[in-house]
């Protein structure tokens, strides 16, 4: 029996690499999202947007789809950028520049990354949905060359390192996606045990 196909519902190369690394131990054929799929992120929470993306990509491809919606919430900015993290500016450097400019020289720089993960089937049913968090703070300047997005300016609590200064294994252990995936993995393993190689629906999760 061939391994089940799981499509990563993202066009972000950094996310695809990170999820491929997280999923490498499971009996899955991990595929990137095909070109041309656009999903409007109209949800008001990270979970809402993850559900929208997973359902849309699963329906479009005919395979299970794993989506995440993640973002950075900064206390001193009232939780911004939040669900608008990816739309805060046009590119990663511009998003970081805007964030640092808005924080200025404030000393209250507490922040957290959130990640909602969702797996959906082609019929629109939700097979699993979890959320993970990582506490930290915003640095005064970018540090490190690994990662993507806000990684260079987010220092993980009690680590002394930004995400961009961590190895993939270190980030897997401490990062919000890694923590969310730790919750998702046993659910995904159970799904694969019960239905390893054919697409099927499931009882929807509200």
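Keep in mind that glycine also has a Cβ here, set from the backbone N, Cα and C atoms.
A quick note: this is a predicted structure, and the numbers were derived from the prediction, not measured.
In the three-state DSSP assignment, the secondary structure recorded for residue 69 (active site, proton acceptor) is strand. Around the Cβ of residue 69 (active site, proton acceptor), the number of neighbouring Cβ atoms within 10 Å comes to 27. Residues or ranges marked as active site, proton acceptor in Swiss-Prot (evidence: sequence analysis): 69.
The substrate binding site annotation in Swiss-Prot covers 10, 11, 12, 13, 14, 15, 70, 148, 149, 150, 151, 171, 176, 177, and the record cites sequence analysis as its basis. Look at residue 10 (substrate binding site): DSSP puts it in coil. All protein chains considered, the CB of residue 10 (substrate binding site) has 22 other CB atoms within 10 Å.
What Swiss-Prot lists as Mg(2+) binding site is 40, 69, and the listing cites sequence analysis. The local packing around residue 40 (Mg(2+) binding site), expressed as other Cβ atoms within 10 Å of its Cβ over all shown chains, amounts to 9. DSSP assigns residue 40 (Mg(2+) binding site) to coil in the three-state reduction, placing it in neither a helix nor a strand.
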(request) Pick the one among the binding-site residues 14, 149 whose Cβ has the fewest other Cβ atoms within 10 Å in this structure. (result) 14
(message) If the substrate binders are 10, 11, 12, 13, 14, 15, 70, 148, 149, 150, 151, 171, 176, 177 per the record, what's the largest distance between their Cα atoms, in Å?
(response) 21
(message) With every protein chain in view, what's the tally of Cβ atoms within 10 Å of the Cβ of residue 12 (substrate binding site), excluding that atom itself?
(response) 16
(message) Please give me the CB contact count at 10 A for residue 176 (substrate binding site), counting all chains in the structure.
(response) 28
